[in-house]
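Now, the feature entries from Swiss-Prot:
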| type | residues | note |
| --- | --- | --- |
| TRANSMEM | 13-33 | transmembrane segment |
| TRANSMEM | 67-87 | transmembrane segment |
| TRANSMEM | 90-110 | transmembrane segment |
| TRANSMEM | 138-158 | transmembrane segment |
| TRANSMEM | 205-225 | transmembrane segment |
| TRANSMEM | 245-265 | transmembrane segment |
| TRANSMEM | 302-333 | transmembrane segment |
| TRANSMEM | 350-370 | transmembrane segment |
| TRANSMEM | 449-469 | transmembrane segment |
| TRANSMEM | 477-497 | transmembrane segment |
Amino acid sequence: MSATLGRAFVQNFLGQAPAWYKYTIVAFLLINPLVALTLGPVTAGWLLLAEFIFTLAMALKCYPLQPGGLLAIEAVMIGLTSAETVLHKVVGNIEVMLLLIFMVAGIYFLKDLLLFMFTRILLGVKSKVTLSLLFCAAAALLSAFLDALTVTAVVIAVCTGFYGIYHKVASGKTFQQKHDHGDDTTVEELHREDLRRFRSFLRSLLMHAAVGTALGGVCTLVGEPQNLLIANKAGWEFGEFFLRMAPITLPVLVMGFFTCAFLEFSGSFGYGEDIPEKVRGIMRQYALEQDRKRTPQNRAALVIQAITAVWLVIGLATHAASVGLVGLTVIILATSFTGIIEEHRLGAAFEEALPFTALLTVFFAVVAVIADQQLFAPVIEYVLSLEKQVQGPAFYMANGILSAVSDNVFVATVYVDEVGQALLKNEIDRDTFDLLAVAINTGTNIPSVATPNGQAAFLFLLTSALAPLVRLSYGRMVIMALPYTIVMSITGLVMTATVLEPATDYLYENGWIQHHQVEDLQETPLIPGH
């Protein structure tokens, strides 16, 4: 009986994760206290950081909250940091937490409008190149004001819906009949080649849209969680953030669109497949049927969602309130005027963001270890000892490499904290801090499209129910992202090295942005325990 119970405990630990992964995490937890006792807290801190990055890289085996959280709890228990320092880090980044909790939930209630829009794009454009550019541009524009995860979720929902409709018809059923679109055994031979082509078509659209979320997400204060985190540290508001990033982000955006068009023209890296004409006909027939079924209540809800979306853009652009509170107003407006008043219907909106919000708190625990043990001090000192014109590109590359294998929010949190400490110690001046903050933000956002580990939206796509249906594996995603990674990363690096500083000086001279003081930074505490 006891042996059976023991096996049950082992099986329950980290659930469906592979046995080797479970043993690895247990080994980490056993080794860390021994290393702290024998080799000291600094070595243990570096080991913990490597272990935490491992949990992020293995996110497909097990969501990083549990293994990363166990490591963070142990770090506090063995004295690598304290609960007070962790709380200090969380409080200092409360606006980021509110963004994740309220803004993502708010956009959930605008999904019908977004679905309607993407459906119209998909059916209204016949040219695959134009369609790909529109999907990429629409995802970029939406991600500049909304949350990249939510935009990706909408694109997934649209593509899943269309895949399910065609798969149902290809299996000899009508729109109204129930059907398992994960089972290919019922697909008629006549439709098999069209189904293969349709899968390829959807894969390419999904990747264009996912990259679009990264292209737009880097541009504005709310596009990615780390943007707000960095803006809070620097004291930048919506307009200033956009202008400071523009010397890098706008050229990257243009080159991203050029890459999108080139990939569709050339048909390389798995792109170029058009939607089969038979499939398009079925989709159009289905859309017309849905339009006929739309009630006045449904249409009124779309109008309310559109008005709420306009308020969202105005609220963010004018900095009417902190980003998270603007998100809360979106929830209240969108639900009040569309009749969503039951608690369980509201609760569903928060499911998407809360796991990542919890994971972000674990990030801050690891950042607290880095701060207390001063792990990155030698790295930062080395980069700051370089010639001034080399510092920005050096930070861009360091962030880019780490963000390709780890989570970019975590990487940004670590580096902006360390550069902030350097400013408070008078090792750099405030203008240099602002330039380095731009390099850190773009370095964590742009090269991170290389793998699903870096971009939360990519990981979300890879782990969705749609990915296996359209045969989108980890390896295929990396290959399809490769041309984007190369073009966008090199463009960002060149702009950081050559254009960022003179463009920023031009913005200062013309009064578009203002010089900040060191005291502006100190409003968001950076020194652990103070």
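Cβ coordinates come from backbone N, Cα and C, glycine included.
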Chain residues in Cβ proximity to the transmembrane segment (350-370) (below 8 Å; excluding those fewer than six residues from its ends, i.e. six or more beyond): 45, 48-49, 52, 63-65, 68-69, 71-72, 75-76, 80-82, 85-86, 88-90, 93, 96-97, 100-101, 104-105, 108, 147, 149-150, 153, 225, 376, 407, 409-410, 413-414, 417-418, 456, 528
In contact by Cβ distance (the transmembrane segment (449-469), the transmembrane segment (90-110); 3 or more pairs under 8 Å): no
Tertiary contacts of the transmembrane segment (449-469) (same chain, 6+ residues out, Cβ under 8 Å): 56-57, 59-60, 148-149, 151-153, 156, 159-160, 163, 181-182, 199, 202, 206, 210-211, 213-214, 217, 356, 403-409, 477-478, 481-482, 484-485, 488-489
Candidates 138-158, 205-225, 302-333, 477-497; stretch with most C-beta pairs under 8 Å toward the transmembrane segment (245-265): 477-497
Surrounding residues of the transmembrane segment (138-158) on its own chain - C-beta under 8 Å, 6+ positions past either end: 99, 103-104, 107-108, 110-111, 114-115, 117-119, 121-122, 205-206, 208-217, 219-220, 222-224, 253, 256, 312-313, 316, 352-353, 356, 455-457, 460-461, 464, 466
